[in-house]
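Features reported for this protein in TrEMBL:
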- A:Lys34: N6-(3,6-diaminohexanoyl)-5-hydroxylysine (MOD_RES)
- A:69-123: domain 'Translation elongation factor P/YeiP central' (DOMAIN)
- A:131-186: domain 'Elongation factor P C-terminal' (DOMAIN)
Amino acid sequence: MASYSTNEFKGGLKVMLDGDPCSIVENEFVKPGKGQAFNRVRLRNLKTGRVWERTFRSGESLEGADVMDRDMEYLYNDGEFFHFMEPESFEQHQADAATVGDAAKWLKEQDVCVVTLYNGAPLAVTPPNHVILEITDTDPGVRGDTAQGGTKPATLVTGAVVKVPLFLEIGDTIKVDTRSAEYLGRAKED
Amino acid sequence: MSEISVWRPTAPLENLRRRAALLADIRRFFAERQVLEMEVPILSRRATSDPHIDSITADCSGAPAYMATSPEFGLKRLVAAGIGDCYYLGKAFRNGEAGGRHNPEFTMLEWYRMGWDDHRLMIEVGELLSWLLKIARVRSYSYRALFLQQLGVDPHRAAFAELKAVVSRVLELSFEPAGRDECLDLLMSHYIEPNMGEGITLVYDFPATQAALARVEEDELGVPVARRFEAYVGGMELANGYWELTDAAEQQRRFVSDHGYREDNGKPVYPFEERLVQALESGLPECAGVALGVDRLLMLACGAGRIEEVIAFPVDRA
C-alpha cells in the first residue's frame, strides 16, 4: 500500500493511524513566522467513528489504508447478520450489528447504501442521505393543522423515530434525511 | 471547486477590487511619511538560509537562480548604500507553503526605518494596521508574558522536559518534539495564536534561539532575547519585525549555522547572500525592519476565511 505525505492529505483520503484505518476530514498547514511547519489534521477513525485531531511535522507520511467505499443493495437481516450485495457482481457481504451501527435504523430492503470495506470485509455502512419509509406508530393525526404548529414522534417501519408534523398518521409514507433524522416531507406511494 | 470553471479567479471580484484599494492605501501611508518605494530582484543568484523557509529554484541563463522568499536582502543592501527609509510592496515566494493561510506565491510588504528600534517600529505597525482595518484596540505583550499568562510556563527558562510536558498536555502529536524550539513553535501556533482574541496584538522579545536576523539583547530579567516582534490580528499572524542585526561577523556566523542546520536536517542548501555580509561590513545604519503578509491583511479586511478568497489565481490555477 502506498504511503502519503502530509501535503497529499486531503478530505476522504484513507490512511492507517495507530493501527486503525482512518479517513482524513481536514488538513491545515500551520507555520509560525520563522518557525517550522506542521500539519494539523482531523481524522475519523473508521472503526470507532471517533474524530482524532493530530499534529504532524510537515513532510511526515502515513501508510494508506486498504479501504474502499462500494454501493451495495441491502438484502435482509437474518437475526445475526445484515446481508448486502454488490449490484454488478452479485457478490454478497455480511456485516454484524456493531459494523452497521446506527445505520441499521434506516436500512430498508433493496435500498442502495455505501458499504466501506477494509481488507475486503465490511467496516462501516452509510445509509442513503434520503430514505422513504412508512410510519408504523404515532399518535392520531390532527386535522386542519397542515402548515405550522407542533410536531410529534413517529416510529418508522425500520425502527427509527423521527419528529413529524401533527397531521401525519400511521400508514403515511415520508421522506427523511438520515444525516439529521429530519422529516423532509410526505412521499407519494407508488 | 468545480472543474469546468478553472479559468476563473477563486476570489470574488469585489475582494480583488478591495485588494487594489488596499495597495493604494498602503502606498499612501508611506508616501505621507516619506518612505520610498523600492524594487528589488525577485529572481536572485542567492537564496535564503532560513532554516524553515525553502526557496523555489529557477533556471536562468543556464545557472540556478532563486525566487526571493522576501525582499530583505535587497532592501538591506539599499539601506547600507544609504537609501534611507524604504519599503517594498510586491511578490515573494516560498516553496511548499500552501494551505488556508498560505500560497507559495504571495504579496509581501516590507519596510525599514532608519534609527528606530523594534519598539518604535511596533508603534508604526499598530498605526498602519489600525488605520487599514479600522481597529482601535492594540495590545502588546512580551513572548514570556503570553506564555506565562496562557500556559503558566516561562519560555526562556523552562527545561525541555517541562516544555514537552506542556505540549503533551494541550496537543496530540504524531511525533516526539526534537527540542525546545519545536515545543515553543507548537505551543505558539497551536495554542497561543488561536487563543489570542480580537484586536491587534503585538508580541515582542522572542527566544534568542529564534533570532533570525534580529539583535539579541538582555531583557529586564537579564535573559538574552531576540529583539524581534510579531503582529497578530484576531489570532492570525500578519507581520514579523526586527531591530536589525548590523554586525557582519555575527551575520556570517548565523548564515553558516543555518546552513549547518539545513544540512543536518536533510533540507536543500542554497548559496547564501554573502553580499549582505559585505553590506553589513561597509556599515548598515541602525534600523528596524518588518515584513507583513498583504494577502492575510486583505483576508481580514474582507472577512475571508481562506487565502484563495483574496487571491485571483492561487497556485492550483496559476
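The backbone N, Cα and C atoms fix where each Cβ goes, glycine too.
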- Among all the protein chains here, how many other CB atoms are within 10 A of the CB of the residue listed as 'N6-(3,6-diaminohexanoyl)-5-hydroxylysine'? 20
- So what's the mean pLDDT when you look at the domain 'Translation elongation factor P/YeiP central' (A:69-123)? 93
- Message: Please count the residues of the domain 'Elongation factor P C-terminal' (A:131-186) that DSSP assigns to helix (H, G, I), strand (E, B) and coil.
- Response: 0 helix, 29 strand, 27 coil
- What are the DSSP helix, strand and coil residue counts for the domain 'Translation elongation factor P/YeiP central' (A:69-123)? 10 helix, 29 strand, 16 coil
